[in-house]
Amino acid sequence: MERAGPSFGQQRQQQQPQQQKQQQRDQDSVEAWLDDHWDFTFSYFVRKATREMVNAWFAERVHTIPVCKEGIRGHTESCSCPLQQSPRADNSAPGTPTRKISASEFDRPLRPIVVKDSEGTVSFLSDSEKKEQMPLTPPRFDHDEGDQCSRLLELVKDISSHLDVTALCHKIFLHIHGLISADRYSLFLVCEDSSNDKFLISRLFDVAEGSTLEEVSNNCIRLEWNKGIVGHVAALGEPLNIKDAYEDPRFNAEVDQITGYKTQSILCMPIKNHREEVVGVAQAINKKSGNGGTFTEKDEKDFAAYLAFCGIVLHNAQLYETSLLENKRNQVLLDLASLIFEEQQSLEVILKKIAATIISFMQVQKCTIFIVDEDCSDSFSSVFHMECEELEKSSDTLTREHDANKINYMYAQYVKNTMEPLNIPDVSKDKRFPWTTENTGNVNQQCIRSLLCTPIKNGKKNKVIGVCQLVNKMEENTGKVKPFNRNDEQFLEAFVIFCGLGIQNTQMYEAVERAMAKQMVTLEVLSYHASAAEEETRELQSLAAAVVPSAQTLKITDFSFSDFELSDLETALCTIRMFTDLNLVQNFQMKHEVLCRWILSVKKNYRKNVAYHNWRHAFNTAQCMFAALKAGKIQNKLTDLEILALLIAALSHDLDHRGVNNSYIQRSEHPLAQLYCHSIMEHHHFDQCLMILNSPGNQILSGLSIEEYKTTLKIIKQAILATDLALYIKRRGEFFELIRKNQFNLEDPHQKELFLAMLMTACDLSAITKPWPIQQRIAELVATEFFDQGDRERKELNIEPTDLMNREKKNKIPSMQVGFIDAICLQLYEALTHVSEDCFPLLDGCRKNRQKWQALAEQQEKMLINGESGQAKRN
C-alpha cells in the first residue's frame, strides 16, 4: 500500500517557515543596502515619512534618566577621578578600649562635657565663675566652756561648706583670739619653686582684733625655709614658745624695723596634713594679758586644737584647688586636641593657634616653636614666634623679619640635642650658657629672664621634631617676671604631646597634598599622551560622518568574523557601527567626536610589541560580544546599561597588557604585584580603562546620571575581572550546576552577574571557535607571546618554564590545545548554548577545532613514534 503524500494544509505549514526565513533575509538585505546608501535613505525618509513615523522615531530614542538624590548632571567632575571616587577600605581593627569609667557613673548629674561660652563658641572649658556661696557667720567671743563647743560646731559647719582658705583661716584666728588674746596673728603657707626648693608665703599677716580680711590678705611676705622663727618651725615641724624674741638668735628683726612694731613674745606652731607633712605655719605675737605677757601651756593647747582645723581647711582647699587645676588643664588640653585635629591643612596656622593657646593659658611673654629640618638634623627648617601683644591681632604670619634676629636659637638647639626639658629661673645667673651674659643689665622688653624649653617628639618618642620655648612667665596681677615652676614643666610636657601630634598630622597632610598634586600632574600628562592624536580623531570622525558600512556589510554579526584583512582605521569604524546598532550612541547621548577619540585612545593604549594581547584581540572580543548580543539574541535579555558596560569592558579588558601573565608579575616582584592581592593584570586593565574614560575629551559616559554612572562602572569592573581564568574556574561550577538543574534565572541579580561573567570569558576565548585557518593563525600568535614569556623566565628569573611557555616544547601545541578546549572551553559554550540556542555557532566551531587539533596531536605522536623506531633501527 502506497503511502499517501502530504496534504495541502501540511504543505502550506512546511512552506511558511521557509517563506519567513526568505522574507527575513530580504529585509536584512534591504536594511544593509539602506545603511550603505545613506543619501537615498535620508531622501526617502524626508519624502515619505508621516507624522506618526516621526513621533515613533522620537519615542524610540527618548532615554529616561531616573532622578537621583545626588543630582542628574554635573557628576563628571566630582566622579571623574577614580582616586576620588573609590572609597577607602577600612582595614583597621581596633581593640576593645580600656574602661575608665563605669556605665553607672555616666548617669550621675555632672555638668555638660561640651559647653558654649558667652560668645556662643563651643568649648570643653566651662565658665570660670564660681557659684555663689553662703557668707561666713561672724565668730562669737563668749568665754564659757559650753559656748566653746558651740563655736567649734559652728567652725566645723563653716569648714564643711566653704573652701576659701584665706576667709576660713581668718575666722579661725578670730576664734583663737578669743581664747589666747594675742595682739597679732599670721599664717604662712609652704610653697615650692621650680627647683623644688621650699619657702613660705604669708596668706594672712598681722591679723588683729577688728581687722578686715582685705587688710590682712593684701600684704605678701616671702620667708626663706629654715630661716627665722617661722622658717625654723616649718623645717623642724615642732612648735616654739618664745618669751622674748630679741633674745632668740633665730629671730629676724628686719620686719619690726620696717613696720615699727615691737615683737616680744611669740607662739609659733606648724600646721600639718593627715600625712604629718607641714603645709603651713601659724604665728601669734605678744600675749596681751596674764602671766607676764607670755603664752601659757593652755594657750599652746588651744592654739594647737584650732590649728588642727586649719590643717583640715588647708588640706581640703588644696585638694579642691588641685582638682580645679587638673580639671582646667584637662579641659585646655581637650580644647587643644580639638583645635589640632580641626586644622590640619597648614602648619603655620596650627602653630599660631598652639602658640596663642600656650601664651593665654600659661601667662608668658613669648612663645617660639622651632621645627627641626628633616634633611639636616643640626638646624631648624622654620621658626614660629608669637608674643602676648599679638593675641588680639589677626595676623596670619607669626615670624616677622625684623624679629627673626632677636630669637635665641641656642636654648632650642641644646634641648634638641639633649632631648630633655630646660627650665632656667634667671638666665643671667645660669653658668651653662655663657652667651646669656649679653642679656645682663638689659631691662627692655626683649630681655630674657625666665625660660622654659621642651622638646616636641614624634609618636615613637625617639625623635625630636620640634622645640617649644617659653620666655618670661608673668605675674597675673603685677606683670612682673617670675620663674617657671614644676607645674609649668608638667603642663608643657603634656601640651607638647598634642603639639607633636598636630605637627606630625599637618606635615603628613602637606606631604600627601604635595604627592596628590604631583599625581594629578602626572595623570594629566599621562592622559594627554594616552589620548588619541587630534589629527587621527578628525580623520576617523570625518569618515564616520560620511558613511559607516552596515553590520551585515562589515560581517561583524558573524561568529566566524576575521579581522586579518582590515586596517586599524577600519576596525575603529566597525566599533562605531557596534555602538550605533546597539543604540548606545542615541540612548546615552554620546558625541561622535568623543566616541571616536575614546575608541582611538583605547587602541593607542594597547602595546604594539605584544604578539596576541593587543588591540586586535580586544577588538575581536568586542566583535564576538556584539555578535552574541545581535545574532545570538542575548540583547533582549539585558538592559541598556549592561550592554554598554559589556561592550566597553570587552574593548578595554586587556589594556596595557605586557605580554606576561599574573604568575610572571608575581614572581618577578613587579610593582603591580604590590597593588593587588589577586587578578593583578585585570585590576590594572580596569584602572587603565577608568583613566581613559575620565580623560578630557574621552568621557563617553558623561550623559549618564550619577546612579547610572556608578552602576556602569561596577559592571565594567566585574566584567574585566571576570576575564581572569582563575576566577572563571572558581565560579563556573555554580553556573554549570544551575544550567544542569534547569534552575538558571536571569531575573535573579546574582545569577545575572554570574551570566555576564561567563559571557565575558566566552567572548575572550572566542578565537578557539573561529574557522580552522583563522584558529591556526591565532594559535601561532598566542604561542609566540607565551614563548617570549618563557624566554624571559629563563633569562630574568632563572627558572624552567612550563610546557605551555617552553619554546622547546613547541611540538606539544596540538595536544595542549586539545587539553585547553576540554578543560576550559567546551563546557562553557555548551552552557551558553543552553541559555541562547542562537549561540550554537560558538559551540560548533569549538568542537570542529578540537577535532582538527586532535588529528594534529595524533599525527605528531605517530611521527614521534616513527622517529624513535627509525632511530632504534639505525642504532
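Glycine is treated like the rest: Cβ placed from N, Cα and C.
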Stated Swiss-Prot location of region 'Disordered', expressed as one of 78-102, 128-152: 78-102
Additional site residue, HIS617, HIS678, HIS683, HIS684 [criterion: listed by Swiss-Prot with HIS653, ASP654, ASP764 for Zn(2+)]: HIS617
Protein Cβ atoms within 10 Å of HIS617 (Zn(2+) binding site), excluding its own: 23
Near-site residues: Zn(2+), ref HIS617, HIS653, ASP654, ASP764, CB cutoff 8 A to centroid: HIS613, ALA618, THR621, ALA650, HIS657, THR723
Close in space, distant in sequence - ASP764 (Zn(2+) binding site), Cβ under 8 Å, 6 or more apart: THR621, HIS653, THR723
Segment confidence, the domain 'GAF 2' (346-503), expressed as mean pLDDT: 77
Neighbourhood of ASP654 (Zn(2+) binding site), C-beta criterion under 8 angstroms, separation at least six: TYR606, HIS613, ASN614, HIS617, ALA618, HIS685, THR723
